[in-house]
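Colleague: First the structure, which I've put down as structure tokens, then a few questions once you've had a look.
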Amino acid sequence: MLSLILTIFFVHVAIYLVNTVGATTIDTLLWILYLKLPTSTSKNAREQSRLKREVVQLKREMNNTSSQDEFAKWAKLRRKHDKAMDEYEAMNKKLTAQKTSFDWSVKIARWLSTNGLKIFLQFYYSKTPVFALPAGWFPSYVEWVLSFPRAPRGSVSVQVWNSVCATAIAVMAEIVTSMLLQLRSRSASPASTAKAQKAQ
């Protein structure tokens, strides 16, 4: 089983990734993947897509047909278009309701697996030391702060370890991002210098 130190660290990595990528992006990606599965919802999505193409095609045919010169043909196309449009709107409402239900399920699962797990770990392991500090290395007031609120003195509490992990992950992400931007700007500048020299 994963140690408490690593469990808290990976929970904070997951929280950081969700916050960085964005919950909406993750929800959309999961919805697309869900529609690839053989479910009734994916069948409804395919049917909605087919109806949309049919409505667009009938609308195009209606626009290309003169309502005065070819009224019978235009009226027949209009009836088909209206029927297809009603079916499309009904299917769209059904699919929207299914997507709303799916989004709520994903949001609940995402919260439970990230912030919910973090809160659970904080309460469940509130009296458990994450790790012990070497004796005599820190003054007693520092040991008290590191064990705050309920861990034994001379150890690091779950709450403090949560803060350390969140801060360390954010700082490391900033460092990696700035390094990547520096590398990108350095690799782009020789190419632009070479182009400028060729132009002269």
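Each Cβ is built from the backbone N, Cα and C atoms, and glycine gets one as well.
Features from Swiss-Prot:
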type     : residues : note
COILED   : 42-100   : coiled coil
TOPO_DOM : 1-4      : topological domain 'Lumenal'
TOPO_DOM : 25-110   : topological domain 'Cytoplasmic'
TOPO_DOM : 132-155  : topological domain 'Lumenal'
TOPO_DOM : 173-200  : topological domain 'Cytoplasmic'
TRANSMEM : 5-24     : transmembrane segment
TRANSMEM : 111-131  : transmembrane segment
TRANSMEM : 156-172  : transmembrane segment
Colleague: What is the pLDDT of the topological domain 'Lumenal' (132-155) when averaged and given as a whole number?
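Modeller: In the predicted model, the topological domain 'Lumenal' (132-155) has a mean pLDDT of 92.
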Colleague: Per DSSP, what is the helix/strand/coil residue tally across the topological domain 'Cytoplasmic' (25-110)?
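Modeller: Each residue of the topological domain 'Cytoplasmic' (25-110) counted once, the result is 77 helix, 0 strand, 9 coil.
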Colleague: Which sequence positions outside the topological domain 'Lumenal' (132-155), separated from its termini by at least 6 residues, show Cβ-Cβ distances below 8 Å to it?
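Modeller: Sequence-distant neighbours of the topological domain 'Lumenal' (132-155): 126.
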